[in-house]
Amino acid sequence: MKEMLNREPFALAAFSLVILLMPIWLTPFGANYPDLLQKFAIFAIFAMGFNILFGLTGYLSFGHAAFLGVGSYAAVWSFKLFTMNVIPAIFFGVAFAGIFALAIGYVSLRRSGIYFSILTLAFAQMSYNLAYSVLTPITNGETGLQLTLQDPRIIDNAFTTPGAGLPETNLFGIDMSGYPGFYFCAVVLIICFFITRRIFNSPFGLTLRGIKSNQNRMGYTGLNTRPYTLTAFVISGMFAGLAGSLLAVTDPLAGAERMQWTASGEVVLMTILGGVGTLIGPMLGAWLIKYLENIFSSFNEITLEHFFSFLPEGLQSFAVELASLFVGEGWHLTLGVLFMLIVIFLPGGLMEGWRRLLRRFSGGGGGKSEPAAAVQPAE
Amino acid sequence: MVANSVLHVADVHKSFGGLKALSDVDLNVEEGTTHAIIGPNGAGKSTLLNVCVGRIRPDSGHVVFNGEVLDNHTPFEINQLGVSRVFQTPEIFSDLTLLDNVMIPAFASRDGAFSLRPFSKLRHEATIREEAEKTLADVGLEVMKDREAGSLSRGDKRRLELAMCLIQHPKLLLLDEPTAGMSRHDTNRTVDLLKTIKERGMTKVIIEHDMHVVFSLADKISVLAQGRIIASGTPDEIKGNPKVQEAYLGGAH
């Protein structure tokens, strides 16, 4: 313990390897198509950022989808007004979400606990409803904000003549659909992981944990908690804006439904499922939910009949009947049951399950020195 | 006001509804001394400390620390001026390790009330880590430094909180019953520890019920009863004061 080994390069390399090889190791799970992989990377960023607020400071925001939406709108506007290059789009997405988070956080963080949650929920619902009503000139209301042939796109049009169809988003000429889009999101995710890890291991991160643990003590310890929580709020808002702009990068349209409270609730579920306050737990939670949403929901009776074909006739139809409640349209039921099981039996989420497994296999002997090392086992 | 006074509580009044918690309280704590405040339950001792750290604002009167009037200071500003406090019920970071518990106050003293360096690494903070380990050793908790603070016994939590205050090298240390709930052995260790701090010249205000602790530590004693200071003086003066005996024996029933 004395001479502290620098684990950072190793952690980064391992993480990058896992992320970049996702198209390969997700093949057996039937989840290796670019559209879903992009979502895995994007929602991992969203959940990771959310966890910087919720996991470290304990402030539970119920309005983070608003920042996701702002990021998407800002990115699409950047595509419409300036260029189809994704770099400015991401920049604007993150910047606008950051400014928005600063304003909402400044007001909401005057309260803590349930009052803070309600305030953020109120702000997000307000944004959602405004997007449908008075802000229609900016958001294009129910139709959603889309690219059109009449868009000025001043930077692109100054250098090239527009083609006949709608242009594609690109990174200096590389189209951002399909696998290139995934790899772009993956690289951004790796950068986000690096940033998050640094925050977790900094005195700043330690202070945020202190706020979660005992805010009263913080004051008598000489620390002004307000700027700390506000910084965490803005950082996590910017992560959400980044995720939102990446959604627009992979599919250049933005709709108000992205800001709805169910979307805010989803990121809470992701974080709790994966493990609140752990480095990679929220990402695992995001993957689990996106997997269920995309794969489980696509199962139908025929898949099930095939799956249960080893059973005798009567039993098979019964099993199919029963299982069909949990797949297809019913995937929310699976999610609900899973969520309850995890909250009841593994309050620390998937990461706690992982830690328990590690402890069991490493044996009782080394138990005493374990806790410090086991905090971030997957690094 | 006395020339070398570190803490001066001047004519402080505080009422909660109809209850007069503090009336006309005047207190001078001289630099480098240990000033004990004793008195029966409900005399207003903890309220007095709360006023000093900015938890409660007095209805009238002032608290002056090192020449600075603390009327509009928040708790964190008062701490940054050099006042640390041990609470009656330990206020610690239960989910964090002992080492982290002590490192947070150390960062607060070094970097101020807010410092934004989200990318600097804890791993590189060797000086603070060593100091934290040393302070934990001072209170006898170094072997448990990687344990979660919430798992400590009540007495150990108190010692941890003391370490959290000591690492800040405060000019003034306020202790609210630092030995309550401790075994005789632990009490003696804490008294010894507090004596060594005295040698370092730290000014202390201590609320205590254990007269053994009071008389082995205090240079001066003030007696608080029903929100008033009824006597102030050296331990010997207080021992022989008839008003004090009356407050303790008569006031308790």
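Numbers here mean position along the shown chain, with the first residue as 1.
The backbone N, Cα and C atoms fix where each Cβ goes, glycine too.
What TrEMBL annotates here:
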TRANSMEM  A:36-54  transmembrane segment
TRANSMEM  A:85-107  transmembrane segment
TRANSMEM  A:114-135  transmembrane segment
TRANSMEM  A:181-200  transmembrane segment
TRANSMEM  A:227-247  transmembrane segment
TRANSMEM  A:267-289  transmembrane segment
TRANSMEM  A:333-351  transmembrane segment
Report, as numbers and ranges, which residues of the same chain sit near the transmembrane segment (A:267-289): CB under 8 Å and 6 or more residues beyond its ends. 15, 40, 43-44, 46-48, 50-51, 54-56, 60, 62, 64-65, 193, 196-197, 200, 209, 212, 240, 335, 338-339, 342-343, 348-352, 375-376, 378-379
Distant-in-sequence neighbours of the transmembrane segment (A:36-54), which means Cβ under 8 A and at least six residues beyond its ends: 19, 22-23, 26, 60-61, 64, 68, 181-182, 185-186, 188-189, 192-193, 196, 199, 208, 232-233, 235-240, 242-243, 246-247, 250, 267-268, 270-271, 274, 276-278, 281-283, 285-287, 289-291, 294-295
Give the nonlocal contacts of the transmembrane segment (A:227-247) in its own chain as ranges (CB under 8 Å, at least six residues past its ends). 38, 41-43, 45-46, 48-54, 56-57, 59, 61, 64-65, 67-75, 89-90, 92-98, 100-102, 104-106, 108-109, 185, 188, 192, 199, 204, 207-208, 211, 254, 258, 267
How about long-range neighbours of the transmembrane segment (A:181-200): same chain, 6 or more residues beyond its ends, C-beta under 8 Å? 8, 11-12, 15-16, 19-20, 22-23, 34, 37-38, 41-42, 44-45, 48-49, 51-52, 56, 86, 90, 171, 175, 235, 239, 242, 246, 249-250, 279-280
